[in-house]
């Protein structure tokens, strides 16, 4: 178990993506500590009654709320290859030919996952503490009140560490589909928990991975105690354009009070997590896995057409983009795209558009990363203008895909300015995806970014310009991102492939 | 085509990979770059293929500096790296068409050459299979095909026979030998049999220097009188025999009358040892171990 734990932990913690995540979390703490003013606010609670974020007790509540959502998703994306590492490099085959203690193996993997998650948790905790003390200068700071919202995240962290492990052993969920399924499951779990208007069911209470139940209860109690009123508005990362910040009353949160039922629910979740680790050991393969034969629709063309014609570079670029997903997935994307055409504009902006782009996420994730991971990008350096050709080709195909997906929204947009704004957004997305993929040689950064982006959008953040208001600033930002990413991708001196050269 | 290596040196911090390398390479015969693992062969090839810049020195391609004009090399280069790059979800044909596009070839030309290369490398039956379903040897052959697209004048291959079965190795050897007639073909390997009988010139790299530059025949001539053969006694456990077998310059060979030891040594290792004609591998080993003078 120790060997499995050490090897996996070292392998993952020495990867650049781990360092990048830690740095990203560090900076994200700045966004998570609440502000009492500004366009975007980390947390908004009954703004007509209360002055927002005017004391230190708001800090832990705000950070824990956001971490309750993001940390499981980060875990799902980052931890999901603990076993695949061994399958990919051939060590699993070696294990399977020996007396292999599978339960110790999976336990070691679980503890490695948990350790990595605890490092992320610890970084957020530490820097939130520092940020809070600096911002409020210790005024009204209560150590117990600060720590408890972070402690309630631990059962969820344990659960995610186990869930990502067991899904790696389930047939059909071992690959990218499994990662997407885990992420979607966690998002659904979160949205079912994060409803302050209804009391959670016992099952919801147990699977309260994000700790939102306890936080919402704490907020409700604080609101009731201070004003005698109900909680009427709770927003996490909300927009403020229509919200009236007229409240002046102080809202101070007392330390979380966990009942016996709460502790039992947490304990149950931890037990379930241990059970999942055991199940992972049971389901772990006994022979090396053979790749699933994906069903591909075979298009039978007459032989002479194949010989006479040529496979155009555009077609090949499109194949590179879509080759990693099954035809079923492509069909789903197509169906959702058609739904975008048929649905009214309001439905499109609220659901159809985000779902379409989230479904197409695996395609955007191929940009930039695919050729670096395969070694082709580095080899292209030996061809005249090889890098540039590949980059330009990808920019064109990525942009074509993105604009094609956004076409229903572009055409249905109420004004030309809105269409242009959406066009800018849809052009910057694939270019940014390509830049991130090229820089990190990984498909995960853009996947994570898209999930976070659409989560914030669905939560009311004015990130997409679907109406005439709030057009200029977001469009300007996307235009800057587009130009910046294009410049970085096309500057010949910046040769990203160099540091990944493995031959 | 002419490739001139002039006083080439490469260091990473305080670690020197090689220094003061000089060589003149011409088309008209395959050039073998031999050396043990870690000698710096791949680093040298990376410099020649414009993937890396040296710490000092110069490389000229037909008189043009590769360092200041890398495109001069890229236009005529076909590089086969040690680990063949490929897109797992493309078929062999699609991948070759993609590479052809990257090389600026016209579609019809690309299709023609791709088909021809796949046929000559015995891959035409699997042209429409995805590369992730290929065995290692098959992928190696696709990599070779990709290297040869657009008829590069300089072909540099880094251990190309890795993963190939004996028949495939012979096919590759013959293909490269044929190309070497009017191309500059540089083949890096640590397996001497890959270049035996086809290399017109060999460079042996060790400890940061060329230990030898010249023809294989000349190297073999130098080792005449330094290779001995003697029969192995029935007593395998005798300390003398055990000591002999543990020498790095010793190999066993099966003869009709039994097993014999071949040893590279300045002096006869045993009284019953007879001097025999060396082969290229023995000459190379003797050079590496210092038995044969460089």
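Any Cβ shown, glycine's included, is placed from N, Cα and C.
What TrEMBL says about a protein is an automatic prediction, not a curated fact.
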Which range of A:263-284, A:285-306 is transmembrane segment, per TrEMBL: A:263-284
Candidate ranges A:13-32, A:33-52, A:173-192 [criterion: TrEMBL lists as transmembrane segment]: A:173-192
Outside the transmembrane segment (A:471-491), six or more residues from its ends: residues with CB under 8 Å to it: 388, 391-392, 395, 417-418, 420-421, 424-425, 427-428, 431-432, 434-435, 438, 462-465
Cβ-Cβ under 8 Å with the transmembrane segment (A:173-192): same-chain residues at least 6 beyond its ends: 68-69, 72-73, 76-77, 80, 84, 160, 163-164, 167, 204, 207, 209-210, 212, 289, 324, 329, 361-362, 447, 451, 455
Contact ranking winner - A:263-284, A:316-339, A:448-465 against the transmembrane segment (A:391-411), Cβ under 8 Å: A:316-339
Spatial neighbours of the transmembrane segment (A:316-339) far in sequence, C-beta under 8 Å, 6+ residues away: 176-177, 294-297, 352, 355-356, 359-360, 362-363, 366-367, 370-371, 393-394, 396-398, 401, 405, 408
